[in-house]
Amino acid sequence: MSQKRLSRVIYPGTFDPITNGHLDLIERAAQMFDEVIIAVAASPSKNTLFTLEERVEFARQVTSHLDNVSAKGFSGLLVDFAKAEKANVLIRGLRTTVDFEYEFGLTNMYRRLMPGLESVFLTPAEEHAFISSTLVREVAIHGGNVDEFVPAIVANALHQKKKI
């Protein structure tokens, strides 16, 4: 039986902001797959700290050392983006059982909307398991130091946002 190689994958998220935990998963996915597309969701229902353009640019800059990684913004359904990009695999990070419950439901919905779409789940490195964009934003908004949780360019942007 021949196996089809999973060569083009999507790592979707809001990435507001992209964290060291995200970057760890991206770097690991880049070693496993031929091409990784970071799909930055517009998420109009969320009150994001950074614009879609800023979030895409952060993703591009922090992954510039990875030749097989690109970042693109999208709005609408993720499955439509996956079809347009000719990708049939999603990379998702799982930090806790709560993440698993949520992702399990999403995976089943995605399969209904796009038969053949698979999800590959990666667990974070131990040092990143507690990091979330929400927590990083909260710490930054209240004047805390987030330098160890996000890439330097993102930390600088968060420090600038505090001054506004």
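Heads up, the Cβ atoms here are built off N, Cα and C, so glycines get one too.
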Among E85, E103, E118, which residue does Swiss-Prot name as a further ATP binder in the site formed by T14, F15, H22, G93, L94, R95, H128, A129, F130, I131, S132, S133, T134?
E103
A 10 Å Cβ contact count, applied to the binding-site residues L94, A129: which residue has the minimum?
A129
As a test of the contact definition, list every same-chain residue at least 6 positions from E103 (ATP binding site) whose Cβ is closer than 8 Å to its Cβ.
R92, L94, S119, F121
By the count of other Cβ atoms within 10 Å, pick out the sparsest of the binding-site residues T14, S133.
T14
What is the biggest Cα to Cα gap, in Å, among T14, F15, H22, G93, L94, R95, E103, H128, A129, F130, I131, S132, S133, T134, the residues listed as binding ATP?
19
Nearest recorded site to I131 (ATP binding site) by CA-CA distance, among binding-site residues T14, K46, L78:
T14
Cβ-Cβ neighbours of H22 (ATP binding site) (radius 10 Å):
27
